[in-house]
Each structure stands twice: as C-alpha cells, then as structure tokens.
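The following features are taken from TrEMBL:
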- 1-26: signal peptide (SIGNAL)
- 232-254: transmembrane segment (TRANSMEM)
- 293-321: transmembrane segment (TRANSMEM)
- 327-346: transmembrane segment (TRANSMEM)
- 405-425: transmembrane segment (TRANSMEM)
- 437-457: transmembrane segment (TRANSMEM)
- 469-493: transmembrane segment (TRANSMEM)
- 505-526: transmembrane segment (TRANSMEM)
Amino acid sequence: MSKMEALKLSLIIISLLLTNLRSIASSPHNHGYNVGDHVPLFVNKVGPLNNPSETYQYYELPFCGPDPVVKKKESLGEVLSGDRLTTALYKLNFRENKVAETLCHKKLEGDDVAKFRDAVINDFYFQMYYDDLPFWGFVGKIEEDSWTLEKKSLKYFLFKHVQFDVLYNGNQIIEVHAIGDPNQVVDITEDVGVDVQFTYSVVWNTTSAAFDTRMDRYSRASSLPIHLKIHWFSFINSVITIMLLIGLLTLLFMRRLRNDLRTFSTGDEEDDKEVGWKYIHGDVFRYPRNKSLFCAVMGVGTQLLTLVCSLFVLVCLGILYPYNRGTLCTALVILYSLTSVVAGYTTASFHCQFAETGWERSVLLAGIMYAGYLFRSEFQSPCATKRYPREIPPLPWYRDTPCQMFLGGFLPFSAIVLELQHLYASLWGYRIFTLPSILFIMFIILILITAILSVGLTYIQLSVEDHQWWWRSVFCGGSTAIFMFAYCIYFYTRSSMSGLLQFSFVFGYNACMCYAFFLMLGTVGFRSSLMFVRYIYRAVKSE
C-alpha cells in the first residue's frame, strides 16, 4: 500500500470516528444537538386553567394526531401525576425555522366543534414537552361580538396556528414557548362542521443563558422578593412562637414541678395535699382503652414520620427536585412500602409491652403483618398500677378534651399558616415550591411546638388528678391537622376552582394529608408526654 493510499485510509477512518463521536455527543440523553437533528416533542394533557387537578389526555380534544398515536413509556410517578406523554405531528428540528408549516387538514364535525367550544369557554390550556422542557398554550379565545343594553353576545374562536419560539445556547435548548396566533382563528360559536387547516411556525433565537439555569424561569414567580419576605416572616414568626412556648413552659410548669417535687421530698402532710398529680401514681400508667387501635396509631404515625424525614433527606441530597417529573410520587410509593416495616415493628413491639398475645390485631390495624413479637420488650413504668382505677373528679369545661385540643392545635397552626398557604398554592395551583429547606425547618418547628404543648397540657391534666392522658395526648398533638383541613376549606372558597372533579381532588387529597399529619403529630404528642410522665414519676419514686 502506497503512502498516499495509507493517508487516504487514515483520513477516512478519522472522519468516521469523528462522525460517530458527533452522533454520540448529540442526543436527547445529554440534551446536545446539531443543526437539523430531531428533537423529541411530546404532547401531554389539556385542562381548565382554574382547576389544576382536572386534566385530560391531549387527544381527548380532536387535535391533529399521528396514526397511530404512540405513548411514551412512563414511570409510576408520572402515571400517578396524571402525565400521559404521546407523540405529535409537530416537527421541530434543531435550529430549523419554519413559517406557516401545514400540520394537517381536518374536517371538524358538529361534535368536534362543541368539544373545542366547551374547552374555550372553560379556558382550557394544553401542555407539551420539548427536550424535557414543559410549556403551555391556550386552545382558543373569547371575544365580544356586540354590546347592547339587553344582551351581550360572545363569540368563540379556536387557534389554528401555533408559533413556537425556541431559545438556544450553542448546541443546547434553553427555553421554549407556544403562542396561539389571535389573527388565525376559526369561529366555533355554532355547532356546524368546518374545514380547518392547522399550521405552525418555529422561530429560533440565541440566548446567553446557561443550560444549567434553564429551569430557573419556572420558579421565578415563586422567588419574587415579596414571596421571599413572606417565607422569612413565617419562619421568624414560628421561631418567636417556639421561644415563647419554651419560656412559658420553663417559667410556669418546670418551676411549679420543681416545687411539687421538693414538697413531696419534705414529707410535709399539709403541703403534700397541694400536689395533685402524685395521688394518681397508681393509675397514670394504666393501659388505655382500645389498646390495639392505640398501638396501630403509634405504628402508622412513626412510619409517616420516617417517610417525611426520608423525603426531606432526598431533597437535601438533590435526588428530588421540583422539576423532575414524577419522581416525587415514585419516591412516595417506594418509601411508603419500605417504611411499612417500621409501622409493623413499632405497632407489634408497642403492643407486646402490654400483653404477650393479641399483637396480630394491632398489626392488622396498622395495615401490615410483621413478626414484631420477636422483638418483644416490657413496658417500663416507674410506678405500679393499682387494680381498680381511681375516680376522676369533676372538671370544668375548659379542662375537657375539646378545649385542650383547640389550644394544642391552634398555636402550632398559627406558627405554620403562612407556609401552609405556599404549600397549598403549590399543590393546588401552578406555583412551584422552590424552598424545601425552609419547609423542612418549619416541619421541625411544628414537631417541637407540638411536643412542648403536649407536655404542658399533660401536666395540667395530671395536676387535676385526671389519669386518662394517653388518648388525650394523641388528640391534642394531632389537633393541628383539624385546623389544616379547615384552612383547606378557606383556601378553596377563596380560589377560582370549581366543579365536582376538582372539589373531590382537593378535599379528598387534603383529607388524606391532614389525616397523615394527625397520626404523625399525635404520635409526637404521646411520645413526648410519655417521656415527661416517666420522668416526673421516676423522680418521685427516687425520692
């Protein structure tokens, strides 16, 4: 082989390698493309603007679609989130401008026109994904035809032309928008068939924005200075609340408790009568009624606490973030399945501290069968329990369970209400929650306030010789969830949401969420009260 032939062969091999490397470097997986490369575009869903949870598949409206329609393979979380990504006829190749490109010719029958008109009346939007970037557009518009003293006439129009504005930096896509042309519309006011030619245009422009920051625009509305001020105001309000509660607990309860212990140690009979909680030392550790249900509540509450803390850990590690489609729902399902072991173990072991048999019923109530009896331990109580319960003296109305629940729920709720507004706006609106760290801090503050109030309310209850504190500590700790659900009702009435479907979504999911918080905070209330009760009666026994 001559040197010239060898050189040509080397050039051919190098060019092939460069071509392969170029094709490897340009793909949807790394979001890098060359001019003319196909960039995946998927249509997702449509729905009314005022009802974020009411969504339908894109092709439930008679848009132009491929034959057959191919659905993108989705994860469990995407399915649970309501995403149904499917292929479309739009061809948006990288950096290729298009003007009035025909999408399809379609004959809209009377039923099709009625569907589109109903969508325009309800202010329907559509959602698409281009290079994993979500973007939205409206189906049509409403205009006033005429105005008279007797009647206002409205006309409904369908956008038949969509313009895609795409921004790119180098070989990567940064931003995309879809705008319906208000000058190219079809009148769909009447239920009559019409021939429509759907078209689209694509305009590419450069931008200096970096690829790593292309998701920032979705959280821009949530990061405005006014919203950040509200976040910090909520945080400072919560910190002040917890400091006041700690100070109140220290000055009132701990000082009085210290005096009670000192009085008990002196053995003065006259002073001894003033200490009410020591008289019920033989009843304070009496097992509660509905023991199996109580153990199940402790098990599920511990499971949900573990679940929420695990989610926050994943967020702090960067595994979960607001723009990763479907990952939150997937993580919830997986973590709930894994933490079921926590519920089974906690329920069974807690039940076996009271009795050697019957733990199966408690575990079944917790929703999982687990061999918790293998880890059996005995309930450690500083004082022996009397055979017959002591009679509880009559109590005034403000010492009953409902009043204590109101106090135990209102104070924690007042500390988190502003942050709860942001959370509901994210769950039932289009705002993206971009400050999970503050949410985690608020969750910790909520747990601390609940624990402090539960200890204080339990001490007040024991001081009046009421030894039935087990269930009451759960109710007082979890009562914050009742205020959360009440605020959900207020949030719904102040919003623009309407319709049976959206109503069912909002109140159904909020009922589940508030019930989960009731179990979590109820568990926190009982655990903190149990530690406190064991401490004071152990101190009495040591004296």
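The chain as shown is numbered from 1 upward.
The backbone N, Cα and C atoms fix where each Cβ goes, glycine too.
These figures come from a predicted structure and were not determined experimentally.
Sequence-distant neighbours of the transmembrane segment (469-493) (same chain, 6+ residues past either end, Cβ-Cβ under 8 Å): 284, 287-289, 294, 297, 401, 404-410, 412-413, 417, 420-421, 424, 428, 446, 450-451, 453-454, 457-458, 461-462, 503, 506-507, 510-511, 513-515, 517-526, 528-530, 533.
No contact links the transmembrane segment (437-457) to the transmembrane segment (327-346), because fewer than 3 Cβ pairs that are 6 or more residues apart lie under 8 A. Outside the transmembrane segment (505-526), and at least 6 residues removed from its termini, the chain residues within Cβ reach (under 8 Å) are 53-54, 297-298, 300-302, 304-305, 308, 408, 412, 427-428, 446-447, 450-451, 453-454, 470, 473-482, 484-485, 488-489, 492, 497.
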